């Protein structure tokens with residue numbers, strides 16, 4: 001029976017449901033969508049000429065329909081049914097393509113497009129599948145370390161927010177790990193979020209490690225299905241610290257040396273090849289059956305020739321695991337005396353440099369960095385014997401093996417004074433010299449008794465090998481006494497020298513008198529010449545006055561005569 005439409009154009013839809021037919025050739029059609037994307041479902045039906053309207057519905061699990069969208073072909077209006085889960089998410093186009101925004105897992109349903117005419121209803125079903133890519137898997141709850149030959153949990157591989165659920169796979173150095181009784185145990189579980197309906201997958205790995213797993217990377221992956229098929233995401237690599245027991249012990253000398261000489265400090269270091277390495281060991285010294293418990297190092301200071309021998313070390317709890325090394329102290333040198341030695345001048349000082357060596361050795365003596373031809377011998381010390389002496393020995397067969405000892409010799413002495421004098425060829429001055437010996441360096445001081453002038457202040461020479469001098473130049477007017485005082489930390493010494501007045505003093509005085517007479521004669525001559533000149537100048541001035549007076553009288557007589565002539569006229 002054909003469907004009936006009310007005068008208002010509304011279809012009595014309940015009659016059409018039973019009359020709906022599936023268009024021949026249209027089977028199941030699936031639309032795959034990613035979580036959160038927009039689901040686009042074309043109607044897949046040809047629009048008939050006498051179309052009245054189109055509708056979309058979905059089917060509940062029990063098969064009952066739920067209508068969600070309506071579009072009239074005449075009024076071009078679109079109506080969306082009041083379905084809360086699709087509120088504001090639907091869009092129905094003119095060709096009856098239905099779009100659902102923000103795809104959710106709950107959108108996985110069977111949707112049906114319905115085109116209704118006056119006498120028929122056509123349907124085209126569409127199956128919606130929603131996929132959600134899981135998060136990158138991550139290895140968590142990692143073991144801080146793994147121990148060889150022990151089955152221990154390595155960690156958990158977790159991947160979240162997947163739909164549908166995925167599978168997790170473990171890898172060692174890029175190769176898949178398969179369960180193996182007693183060696184590889186894998187436990188898998190998945191959980192679903194009741195709100196989002198997304199899966200979280202977790203896989204736990206228990207693994208029995210060996211030394212071959214040192215520095216080996218472990219990873220995991222999740223395999224899932226997406227809109228375009230199967231895909232895999234891998235985790236970051238993780239390398240675990242592998243603990244294993246010590247299997248071998250070694251001993252070595254630090255710092256490494258070609259040869260050891262007496263007086264050296266050497267350090268024994270014992271190592272085990274386990275991880276973590278042992279922190280304590282037992283050290284065994286030559287001639288000592290009892291071991292010494294120490295850290296992985298043991299230091300010997302200032303070794304002697306008798307330190308030559310075999311040195312051993314072992315584990316604390318496994319003394320059968322032992323290592324040894326032979327140490328030979330090749331060279332010994334003893335200098336007597338050594339260091340800083342202070343002696344008095346004239347003393348005797350025996351010096352010996354004793355060599356003890358495993359092979360042929362040479363001896364060299366040096367003083368103040370200058371090589372000596374022979375060993376020093378001091379039967380009576382002099383100031384020049386003071387200095388820095390070095391006795392150095394070397395093994396001819398071992399390159400670079402040398403040892404040296406030093407002696408710093410200080411020769412002390414009280415000040416000794418010797419005074420000399422020297423007269424200048426002119427006889428006007430004398431040079432007095434005070435020669436001083438002593439160490440530490442004495443200080444020199446001069447004093448003069450009597451009258452006389454000091455022509456030159458004291459002048460000192462360089463201080464060399466405990467000796468130097470100070471000199472003074474004087475011109476005495478009478479007999480004087482010069483005193484030289486030399487003083488150091490040991491003693492104060494005084495010496496004096498009498499100096500007579502110059503022998504040529506009278507001759508010098510005569511010469512001085514002659515000079516004075518000449519000067520006085522010259523002065524008297526100059527005075528006489530001055531008096532004569534003065535008398536001459538005085539006489540000249542008087543004659544000039546008389547001439548001037550005669551000239552005045554002649555002028556007066558002339559004026560009288562002129563006056564007489566005027567009167568007569």
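Using the three backbone atoms N, Cα and C, a Cβ is placed for every residue, glycine included.
Per TrEMBL, the listed range annotated as transmembrane segment is 514-536 (candidates: 514-536, 537-559). Sequence-distant contacts of the transmembrane segment (514-536), counting only residues of its own chain at least 6 positions beyond either end whose CB sits under 8 Å from a CB of the stretch, are absent. Helix, strand and coil counts under DSSP for the domain 'Ig-like' (415-500) come to 0 helix, 62 strand, 24 coil. The helix, strand and coil residue counts that DSSP assigns across the domain 'Ig-like' (245-328) are 3 helix, 40 strand, 41 coil. Mean model confidence of the domain 'Ig-like' (245-328) amounts to 89 (pLDDT, 0 to 100 scale).
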